[in-house]
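Q: Just passing along the structure, written as structure tokens.
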Amino acid sequence: MSPLNGVARSFPRPFQAVTRRPFRVVQPAIACPSNSRSFNHSRSLRSTGSQSPAPSPRDSSNPALSFPCLDAQEAKSALLSARSLGSGPEPSYTAGHHERFHSDEPLLLDWGGLLPEFDIAYETWGQLNEKKDNVILLHTGLSASSHAHSTEANPKPGWWEKFIGPGKTLDTDKYFVICTNVLGGCYGSTGPSTVDPSDGKKYATRFPILTIEDMVRAQFRLLDHLGVRKLYASVGSSMGGMQSLAAGVLFPERVGKIVSISGCARSHPYSIAMRHTQRQVLMMDPNWARGFYYDSIPPHSGMKLAREIATVTYRSGPEWEKRFGRKRADPSKQPALCPDFLIETYLDHAGEKFCLEYDANSLLYISKAMDLFDLGLTQQLATKKQRAEAQAKISSGTNTVNDASCSLTLPEQPYQEQPSASTSAEQSASASETGSAPNDLVAGLAPLKDHQVLVIGVASDILFPAWQQREIAETLIQAGNKTVEHIELGNDVSLFGHDTFLLDVKNVGGAVRKFLD
């Protein structure tokens, strides 16, 4: 018998399994759930012995691991719970140093929702000329605010600080630059955290489903208000690149040049899957409470984890190999299940920094809008039909236009992991691989055949892979566009992945400036 076996047998027998008492899950009503009740309930679960007791050192062959990462999350929940007894823990996401456009005219949304009124937060740089034809509309990514560059009212550097200003990419000596917070956001524009004027309560998940096109229509209401008939250019990166293309398709006569950086003409399965995973993690946080958390503890743990997942898609493996490698934060200590490798501490920091800087419901709604994005003609025609039907209901006096019901749709047979004939490489090949863009997408992008379009992709981008930008360019060419420009930055130029559009002033900024001039 092995000596180790003898030692192992000398230890006490393990504890008998503890039978957990079932507890009832209360579905939150429209009213916000009581914060103190939910917090006290979680404490009671820990104190009533419903969980297995940690074995004492003399009963165990090894000491129990410590979990400072979980301790920190529990401490944050306790702090937010204490704050909620006062004015509420939900942070103010914006400092208010922006301009605000308010529309009293209802906005019909693509999936039948209706906003009786809405606000769009925006900031501007440069001077609007007399003809009002020097306007560049800058579109943001998913979680960005209108603060793309510092202003006199808000000197804090913006998310595109180095790209905007005199002599820079968006030259404010020439152009009047407008950047908005998108509809559905939480930085001053109407979104789930906004009060519904119909009943004086925050929308929460009563907010209607959005599309990228809905966001663009709201932006053009702002342009109408400012008296801007036609944009000199529509510029955007990531989700903003999707908006930039959508602006040209929806309003071809009102858009001049188009710039789409690290975007796509339709969302693809990998990107949808990654955003779905983020939403699932967030929605599984008990504090999310089906969206009605505004008078309680915000789902900071779910937001933190969702951001960590997102950060994995924003940068690239090669960059992290060079930056972090396999280094541990403290090699002198024994490995832990909490963040230990440098890459783990980086992700932990990214999640912690973001978890209270953005509204959870806004993340859910806007990321879903990205998933729904498809500029193919079939989807455009279906949307047109939906809007006509919704408008007919409104005209007939129907109060509720959209159907908020939902069912969990699962396949009748389990998914097969082995490839089938319908998923062959030939059938799933992209436009860049086959040299032929899908006819449906070619027809959908036909309104852009006479526009000057710049498409930029990054080889190290895993969220919006470079083949998706090649698909845009090749689709436009087949649609009859003879002036489209396509640039792909290789790994020898940038290893920053999807975030390259935020960091590479020389290559991204230089290409955009040359195109605009």
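Note that Cβ sites are derived from N, Cα and C of the backbone, with glycine treated the same way.
I grabbed these lines from Swiss-Prot:
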TRANSIT   1-46  transit peptide
COMPBIAS  36-64  compositional bias 'Polar residues'
REGION    36-66  region 'Disordered'
DOMAIN    134-386  domain 'AB hydrolase-1'
REGION    141-144  region 'Important for substrate specificity'
ACT_SITE  SER238  active site, nucleophile
SITE      ARG275  site 'Important for acyl-CoA specificity'
BINDING   ARG307, ASP499  substrate binding site
REGION    413-436  region 'Disordered'
ACT_SITE  ASP461  active site
ACT_SITE  HIS498  active site
Q: Anything within 10 Å of ASP461 (active site)? Look among the recorded positions ARG275, ARG307, ASP499, comparing CA atoms, and list what you find.
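A: Final answer, ordered: ASP499.
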Q: Distance between ASP499 (substrate binding site) and the residue listed as 'active site, nucleophile' at the Cα atoms, whole Å?
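A: With the alpha carbons as reference points, the distance is 9 Å.
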Q: How long is the line from the C-alpha of ARG307 (substrate binding site) to the C-alpha of ARG275 (site 'Important for acyl-CoA specificity'), rounded to the nearest angstrom?
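A: On Cα coordinates alone, these residues lie 10 Å apart.
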Q: For SER238 (active site, nucleophile) and HIS498 (active site), determine the Cα separation and express it in whole Å.
A: 8
Q: Within 10 Å of the Cβ of SER238 (active site, nucleophile), how many other Cβ atoms are there?
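A: The answer is 27.
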Q: Among ARG307, HIS498, the recorded positions in question, whose Cβ has the most other Cβ atoms within 10 Å in this structure?
A: ARG307
Q: I'd like to know which of these recorded positions, ASP461, ASP499, is least surrounded, judged by other CB atoms within 10 A.
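A: Ranked by other Cβ atoms within 10 Å, the recorded positions ASP461, ASP499 bottom out at ASP499.
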Q: Using a 10 Å cut-off, grab the number of neighbouring Cβ atoms around the Cβ of ARG275 (site 'Important for acyl-CoA specificity'), all chains included.
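A: Looking across every protein chain shown, the total is 24.
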Q: Through the lens of DSSP with three states only, how would you label ASP461 (active site)?
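A: Reduced to three states, the DSSP call for ASP461 (active site) is coil.
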